[in-house]
Amino acid sequence: MKTLLLTLVVVTIVCLDLGYTLTCVKSNSIWFPTSEDCPDGQNLCFKRWQYISPRMYDFTRGCAATCPKAEYRDVINCCGTDKCNK
């Protein structure tokens, strides 16, 4: 009986882990961020700051398969946990 119970627990844990979907912050608004579930294959969240002028930055957040490449005057942070790109 104990073996059956242990087997069911292990199977449940494995099945739950296979269905995991990463959630990243998507909205560009600092004050009212929204989130999105990342599609299959996109296992990273990113946040990109782009320098526009002194004290002025544009930023973008979302899901990515790989960390986006920084362009001129960009700062990019990538991470792999839920809503880590706040």
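Easy rule for this one: first residue shown is 1, then count along the chain.
From the backbone N, Cα and C atoms, a Cβ is placed for every residue, glycine too.
Between Cys24 and the candidates Cys45, Cys67, Swiss-Prot records a disulfide bond only with Cys45. Candidates considered were Cys15, Cys63; the recorded disulfide partner of Cys38 in Swiss-Prot is Cys63. In this structure, the disulfide-bonded residues under consideration are Cys24, Cys38, Cys45, Cys63, Cys78, and the one with the smallest number of other Cβ atoms within 10 Å of its Cβ is Cys78.
Listed disulfide-bonded residues near Cys79 (disulfide bond): Cys45, Cys67 (candidates Cys38, Cys45, Cys67; Cα-Cα distance within 10 Å).
For the region 'Finger loop 2' (44-63), DSSP puts the residue distribution at 0 helix, 18 strand, 2 coil. Across the region 'Finger loop 3' (66-78), DSSP assigns 0 helix, 5 strand, 8 coil.
If you check the disulfide-bonded residues Cys24, Cys38, Cys45, Cys84 against Cys67 (disulfide bond), the ones with a Cα inside 10 Å of its Cα are Cys45.
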